[in-house]
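Read the structure below first, then the notes.
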Amino acid sequence: MIKRGRFITLEGGEGVGKSTNVAFVASWLKERGIEVVRTREPGGTPRAEAIRGLLLDPSFDETLHTDAELLLMFAARAQHLAQKIVPALERGAWVVCDRFTDATFAYQGGGRGIESGRIAQLEQFVQKGLSPDLTLLLDMSPDAAKERLEGRLRDQQTQRDRFEQEQLSFFEAVRHAYLERATAAPQRFALIDAGQALDQVQASLAQTLEERVTLWQ
Ligand code: Z5A
């Protein structure tokens, strides 16, 4: 049997520190001699990034239908899997991805109210059984995460994207859906308290990686 690389995802609501900690996880693995491909969703390849642009752009004078949003997420994912994730795993590299299908269950399922069975059908169609080996769920109150994000939006003077314009109740539903998924698959998920100071968050991530990576090698 071909030994494939491991697939690690980081998940959580907006502003919980996924981008910051994807970099931390990737360098932790590289320091141990592992080839790492760092990527994100929606996006990760030029065409999938173009779909990301469509999904996040708040400037259209037309609402995006929830089914169209769901299908675009999976269209980007199909491209990302075919062009980047699967080839990397097959050559033995490890993939560290900022968001994946748990985000679809949380945002399009929990947030938008799409029935999870319909999302699971697309998951099966697009992923054909491939799923992450480990999902690091960065969890904190959406209220506190929003404050962090406000600081960043102020510093970088960037506009809110289509998701960042949602109300707090939307992000509370997203958090609830993530926690339900973590409870349903405790062997895949590791729950990290993202409300702690960054060095404590990264100490928790390092401890989780130490435990899991040792098991895999
Ligand atoms: N989406 C979806 O609906 N369905 C799907 O299937 C997928 C995605 C895949 C784009 O994702 C949107 O797509 C997303 C869900 C939707 N929208 N939302 N919300 P994204 O991942 O690009 O968007 P995001 O979650 O909004 O990412 P973000 O704003 O970049 O947040 P983050 O990556 O989690 O946080 P960060 O940039 O690492 O940190 C935020 C700030 O906090 C920054 O200034 C850090 O320096 C600071 N920070 C980080 N950690 C700490 C700690 N521990 N203490 C204090 N400050 C900290």
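Including glycine, each Cβ sits where the backbone N, Cα and C put it.
These figures come from a predicted structure and were not determined experimentally.
Feature annotation from TrEMBL assigns ATP binding site to Gly12, Gly13, Glu14, Gly15, Val16, Gly17, Lys18, Ser19. For Lys18 (ATP binding site), the same-chain residues lying six or more positions away in sequence with a CB closer than 8 A to its CB are Leu10, Glu11, Gly12, Asp98, Arg99, Leu138.
What TrEMBL records for 10-204 is domain 'Thymidylate kinase-like'. Confidence over the domain 'Thymidylate kinase-like' (10-204), given as mean pLDDT on the 0 to 100 scale, stands at 96.
For the binding-site residues shown (Gly12, Gly13, Gly15), fewest C-beta neighbours within 10 angstroms: Gly15. If you take the C-beta of Ser19 (ATP binding site) and look for same-chain residues 6 or more apart in sequence within under 8 angstroms, you find Arg40, Asp98. Counting other Cβ atoms within 10 Å of each Cβ, the lowest count among the binding-site residues Glu14, Val16, Gly17 belongs to Glu14.
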